[in-house]
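Q: Handing you this structure, nothing more for now.
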Amino acid sequence: MLLKTCLFLLLLFCFFLHRNLASSHGFLFNGFLGTNLTLQGLATITPTGLLMLTNATKQVTGRAFHPSKFSFRNPSNGHIFSFSTTFAFGVVSIDPQLSGHGIFFVISPTEDFSCATGSQYLGLFNLSNNGSPSNHLFAVELDTILNPEFLDVNDNHVGIDIDGLRSFNSSPAGYYSDDDQLSFRNLTLRSGRMMQVWVDYDGEETRLDVTLAPVPMVKPRKPLLSSKIDLAGVLMDSMFVGFTSTNGPFLTSHYVLGWSFNVNGTAKALDYSLLPPLPAARSSSGRWKLFYILLPLASAMFAVMAIAGALLINWRKAEYAEELEEWEIDYSPHRFSYKELHRATGGFREAELLGIGGFGRVYKGVLPSSKSEIAVKRVLSSPESRQGMREFVAEVVSLGQLCHRNLVPLLGYCRRKGELLLVYRYMRNSSLDRLLHDSGKPVLGWAARMKIIKGVAAALLYLHQDWDQVVVHRDVKASNVLLDEEFNARLGDFGLARLYDHGSDLKSSRVVGTMGYLAPELARTGKSSTATDVFAFGTFVLEVVCGRRPVISGEEEQVVLVDWVVENWRKGAIAETRDTRMGEEDELEEVELVLKIGLLCSHPLPAARPSMRQTVRYLEKKEPMPELSPANMSFSVFALLHNDGFDDYLMPFPSPATASSVTSSSIE
């Protein structure tokens, strides 16, 4: 009996090994049962083994990626390896004349598309980054909607996309027969039929071929698209491979039935006998017959319910009434309805409250339409602030275009009854200050802290120098650094941020901030700048390394963390200021370097502080730091703040006993 059981398990193992093969260079999935794909949005594996990217739901996105990155670049010469992929797919629409936006095969440096929008941007890009070379993204589109802004050839085409949705090369969907005339045969992508795509890149010839055919036809000899293209400037050393799909207003299900991929070789052939069946399109004729039968009954019921419905509608309109002025029409794509946010947060109930900050309460929510987790900040506005509301909303919309892996995505806003609601992507691991200072939380090791410091530095570099406008954050601190699912640092809470064009100056404004993070010159000039952000970042660095708050409460007086680190440096004990809970003695040299970078950024003189680009290079060890000694930091920051009359402006730094009630929540 035992022998029979072992033989059965061996045969079962061999079956699945044949069905789904994977290696460091490629894989073969004849159906997707038992695979470990990374699924996002509506993407799911059905019980029959189909990869379903979207179902018959409006305005949704689904993505699926292989969980491992693949090496695409030859380290010896920098050339891109040849690669090959083939997959079987099907597009099934409720109405065969109308469809979602199709299926895209994607090679991407990241799986994080939190800044991307759906619909015609396919969950890959947004209005501001579509076409940007910094995307390093390659795609083959099977597009079933005509978008004139992307110069689509029709509403049924195949295209090669580089860093954006305006195709490098495209053609109406079809294939060339293998007869002597090589005649072209049209295919309808949204027909509900199973089809197969082959994508082959020759690294030596720098040629890309894309071939399409109905299943089970053998691969046609002549490809549908053949382009001379060097992907060396597009693909990075290692990349993810996967699929994305979106639905607009039309109900469409997008399926992948099998998938094969290989680097430096030809993708293995799919076994059609092992592929799961493609669901048939549902006919609407039966529903129309039922509609005509029920129409008279529905009309009678409607007359009875009309009065009650009118009363209910009037009450609900009053309940969810919003402020909407003519100038806001330009910003409508970024505006959420109050009703949607009310439902998402369960009526802003206390159970969903994440925290209370200096600018309002923050609630967790789940959008009913997309099931996306969000955080909603309710900011009360005074009557005096209404004149600046238009300018502020314009800034919110502009900030919503920011897209960086180390920024908390600001999704949009809503206005209602004297309050402004800001909608952010929800961050699961809350704010950094809670991990640093809450004794009940696990201790972050040095590698995690270094990753966080580099992430915030990259975010500030993007805000200061790499975006279209300069964004001065004005409130860089640990409680405004959030951690996502993988503990990547995300800088958030742009409630104090101000925009201005490169090369222009900021208008004077009231000094706002938190004691310990404020640069000394703020009290004299009243002007925030990139240099004041750098000062706050330096304090943040010291806080992360030392595990201490920016203002240390002593028995007799308060001590600023910067001054405390400088004093220990003067005594030759700068490394002893690190958070000893880390316990990693072998990293002392790097710890000391980062402490000195923090001190340089926190220099009392603005001109002595580095730019964020220089700071990033110091952290990456791509550029040596300038010589720095304790004598260069002989000024007392605390004394400078008080001598400049900061007392009237500052929000005191919270004591450990009260910090939990005012620290930022999971969106800040």
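Every residue gets a Cβ built from N, Cα and C, even glycine.
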Q: Under TrEMBL, the annotation transmembrane segment belongs to which of these stretches: 32-53, 208-229, 230-251?
A: 32-53
Q: Average the pLDDT scores across the domain 'Protein kinase' (348-628) and report the rounded value.
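A: Value for the domain 'Protein kinase' (348-628), mean pLDDT as a whole number: 83.
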Q: For Lys377 (ATP binding site), what is the secondary structure by DSSP, using just helix, strand and coil?
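A: Where Lys377 (ATP binding site) sits, the three-state DSSP reduction gives strand.
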